[in-house]
Amino acid sequence: PRVCVVGSGPAGFYTAQHILKHHGGAQVDIYEKLPVPFGLVRFGVAPDHPEVKNVINTFTQTARSERCAYYGNVTVGRDVTVAELRQAYHAVVLSYGAEDNRVLGIPGENLSGVYSAREFVGWYNGLPENRDLKPDLSCETALILGHGNVALDIARILLSPLSLLRKTDITGGSLAALACSKVKRVWLVGRRGPLQVAFTIKELREMINLPGARPVLNAADFTGLENAVKDAPRPRKRLTELMIKTALEKPGEETLEAQAAAHREWGLKFQRSPQEVLPTADGRRARGIRMALTRLEGSGDSAKAVPTGDVEELECGLVLSSIGYRSLPLDPAVPFDTQRGVIPNSSGRVEGVPGLYCSGWVKRGPTGVIITTMNDSFDTAQSVLEDLQVGTLDVSASREGFGAVESILRSRGVRPVSFPDWEKIDAAEVARGKAAGKPREKIVDPQEMLRLIGH
């Protein structure tokens, strides 16, 4: 059987890995629109979290298998259609992730100084489409809308000492911009309360212990919460206890000294919903944000934030909205639920299109960490294997796989990038990094990547 996977992030690689491992004869081809693989592991994981990127070693082993091939620099839906892939392969798995972000839908969100978390993260992580972002870091106060791990990542990058960032694979351009940054205060704002935050304890602890930055938590937000979390699941309980401790307990001698010396600060604001980004006098830039104060109806994860009628204004020259990523439809031939931003499917089988599958964020929405995506991808891969076993996928008819796609690409002037090509780019990045005393210096221009491999 010839299987094709669209997208080379965790979802794509884990799907490929599972099929190769459990079917001794399957050939899997992975297509990726960028020259370089690994998706959000390369472009989403924070530069100061190198341990999370270790999965790249497993993905590399998969890509080097003689039954697996990688074709970068190929945009499915433009360079080759899904219908053409379905003609060339017995099964096609769409694992292309979430390439867009949810919008706030409020006045002023297009002002200069307002960015989505997705483009800001893409900028410091070297995602080619965000390389020219040039965020304005000349203000003292930044405000991040959202209480998830991505929001904490951004706050940490904005407030981290340069000495820490210099040792990471953050891009040279963003490091230079952060070196000139005037930001010294970051507020993380959420519509709901402390019991509904979406970040995890590891990320929060890292933020609390960030050198040179002190946490500013309002004691009133946490008073009396101990009782509310008594019976909560353990992760939620521990997370809330850490916030309570930070807000209410008197810090020890050492911590007090460190906090007194800290010239940067960050804090959490709750039960506030953005209404409008306020413009400067010339109407061009963000100078602040107006927020509706909310009250909670219901409790736990299902609590809803309802406006109370009161509003509050906060001054800030940088607004980052971290309210979630969003998948986009890839090709008119593929059903797509625009409300939920997913491909309608059951266990990864795309509804009404036999032989077409999906895995990862485009299958279940943009939530969870790499391990969640791994389990989800194994689930889709299992569906493919079952369909091969029971004969839903007819392998008696031979399919040409890449042979057929190659001639289509050639006729359209598209030259795919192979995995050995990527390994040359990788080696160049590592060498440039070594010269600068960091793990790698990412190349952010796809044309430069292609020149390097002689394309």
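Using the three backbone atoms N, Cα and C, a Cβ is placed for every residue, glycine included.
Note that the structure is predicted; figures quoted are calculated from it, not measured.
Residues or ranges marked as FAD binding site by TrEMBL: A11, E32, L40, V76, W361, G368, V369, I370. Neighbour density for E32 (FAD binding site): within 10 A of its CB lie 26 other CB atoms from the protein chains shown.
For H147, G148, N149, V150, R191, R192, E203, G368, the entry in TrEMBL reads NADP(+) binding site.
The domain 'FAD/NAD(P)-binding' feature in TrEMBL is assigned to 2-158. The average pLDDT the prediction assigns to the domain 'FAD/NAD(P)-binding' (2-158) is 97.
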Candidate nearest E203 (NADP(+) binding site) in space, where candidates are the binding-site residues E32, L40, W361 and distance is Cα-Cα: L40
For I370 (FAD binding site): intrachain residues, at least 6 apart, with Cβ closer than 8 Å: P10, V41, V52, V55
Proximal but sequence-remote residues of the same chain as V369 (FAD binding site) (Cβ under 8 Å, at least 6 apart): none
Binding-site residues compared (G148, G368) - the one with the fewest other Cβ atoms within 10 Å: G368
Site with most surrounding Cβ atoms, counting all protein chains shown within 10 Å, from the binding-site residues A11, L40, V76, V150: A11
Under 8 Å by Cβ from R192 (NADP(+) binding site), same chain, sequence gap 6 or more: H147, F270, Q271, T294, L296, A303, A305
